[in-house]
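As structure tokens, the structure follows; a few thoughts come after it.
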Amino acid sequence: MEEMEEELKCPVCGSFYREPIILPCSHNLCQACARNILVQTPESESPQSRRASGSAASDYDYLDLDKMSLYSEADSGYGSYGGFASAPTTPCQKSPNGVRVFPPAAPPPPAALVPPPPPRSACLTCPQCHRSLGLDERGLRGFPRNRLLEAVIDRYQQGKAAALRCQLCEKAPKEAAVMCEQCDVFYCEPCRLRCHPPRGPLAKHRLVPPAQGRVSRRLSPRKISTCTEHELENHSMYCVQCKSPVCYQCLEEGKHASHEVKALGAMWKLHKVRRGLRPATVMLRSVPQENSVEFEACLVAQCDALIDALNRRKAQLLSRVNKEHEHKLKVVRDQISHCTVKLRQTTGLMEYCLEVIKENDPSGFLQISDALIRRVHLTEDQWGKGTLTPRMTTDFDLNLDNAPLLQSIHQLDFVQMKVSSPVPAPPILQLEECCTHNNSATLSWKQPPLSTVQVEGYILELDDGNGGQFREVYVGKETMCTVDGLHFNSTYSARVKAFNKTGVSPYSKTLVLQTSEVAWFSFDPSSAHADIIFSNDNLTVTCNSYDDRVVLGKTGFSKGLHYWELSIDRYDNHPDPAFGVARIDVLKDAMLGKDDKAWAMYVDNNRSWFMHNNSHTNRTEGGITKGATVGVLLDLTRRTLTFSINEDQQGPVAFENLEGLFFPAVSLNRNVQVTLHTGLPVPEFYTSRSAVP
């Protein structure tokens, strides 16, 4: 019975219907709410006069006369128009259900001061289907009253469930007074005093009002590390001047640059040996032994640092796996929620129909039967249109490449720790800080810890991603650099060298980096038009303007095969959104494809067109509706651009001979909202076509 509640509430006031009337479009309204949203229009602008003159084909054509949006970021998606193009508008208010309604008109001024107005007729816009309905001389009395709906509401309210009850009362459960979050039990006041005393082991439990429910709290213990300034680093060295242990991060920050620093294990053993005074000859004999101990301790500290870095990287990779897991669960939950809402609405309509069948009033039944049958047929026709195919696979598209790291471990060897010449020592690439993201690579390096030669700068070199020659990509003093604009699904080799006034150091060991096979990206707020509104971590966009506005993706493509999809979250059949690719300097205040910087497909609810430089080509049948999915496939190997709607390819290849740097792009206005999905495999219709010789 609870699923039926939406069918029993007015879309304007949000409460149960009071004196409901049946509109010609089969929807219901409270009589008072219908009176509030009535609009007075000139006789020449009324729907009846327009039908008589043949200036409009259907009731929906009147929506085009007034471009005032009924949708905003604050309302629920329903609204009523404030008049036609030639009629004066009235400031509107919002109902508790989010629908815009109009207050009663102010009393007219004296007739002597104002000339008589032209003849006017009343018009009513259904807040659910937005159909404009004209009233005859009887006004609202011309619409029949739905007494059957009133009877169903009375029975529903009588059988509605009572308040939350105690779960521990043995006979007649009393109304619950509190709920324990830890026990997850509702208690009335006597049962709480008897079963949940305020003293003893239950005293620390949190009791909240029943309506508040349970609140889950997760407390993660703070990790305690050895170094007081750097939580993730262990003490591995000892500063002789400061007489305190330090970590490698302390040395990198230069806090002990001019101090004498030794290995922690060596100083520990040395202080043990120097507990008493000994002759100078004994100390001279112990120098080789002390040097050996210091070198051994330094080696152990460096290996321990590598192990710590590997453990941190392991934690980061596990975190990425967990994020991927949460992302897949979120997609599945969103699809389940969508299907649940659709099922709940259909179940509510079905229960309402069953209640109508139970009525014994023949006139009341025949009064609404035709309208109810139309609603059932419409719901049945629309049931199979929504896609129920899972949008997310259970497989993880992650593959850990540990070959470069194993190669570096096998190549680990001793180098000259203390250089005698003023030429800098080769820098050390920090594997734990080097990474790739999409088509960019971040590299970090440092000088050997015991090197004292001054360094003026560094030179970072990368090959072409195909085993070719190295080229300089950075020259400067920084020890970290991010290189953008690399090719997707390519393997790059990187190396770095240091220089000063004396000369240039040898190269560091070569590091192999693999860019992503597919692109993961979101929309770019920095390059979008100011009217674009972002949400969902910049994956969902809409617009607060009636004009077309353009937004680009964050990642540009110049090589490879790339595919992404955009799901239509909101669409009211009037605007023409466009999807495709564009240059970075494309016009942001015009529809995509109006200039020569964009290649796009724009669609309505029936057809789609390909457009570039304001030239339309290849009109195809098949438009979009709310819930549809638009696919964009950019193949820069074949230099082509292909589109699909709901995994059906739209016409032939849309554009050919594409060359250069392209960014994913969308143009939309206020009545459209889309969500971006990236990192997707190439669709079957394209892979099967590629397999044909």
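Heads up, the Cβ atoms here are built off N, Cα and C, so glycines get one too.
Copied from TrEMBL, the annotated features are:
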type	residues	note
DOMAIN	10-50	domain 'RING-type'
DOMAIN	161-210	domain 'B box-type'
DOMAIN	222-264	domain 'B box-type'
DOMAIN	357-415	domain 'COS'
DOMAIN	423-518	domain 'Fibronectin type-III'
DOMAIN	500-685	domain 'B30.2/SPRY'
Where else in the chain does the domain 'B box-type' (222-264) make close Cβ contacts, counting only residues six or more beyond its ends and a cut-off under 8 Å?
294, 297-298, 301, 304-305, 308, 312, 446, 449
By DSSP, what is the split of the domain 'COS' (357-415) into helix, strand and coil residues?
31 helix, 0 strand, 28 coil
When secondary structure is assigned with DSSP, how many helix, strand and coil residues does the domain 'B box-type' (161-210) contain?
11 helix, 10 strand, 29 coil
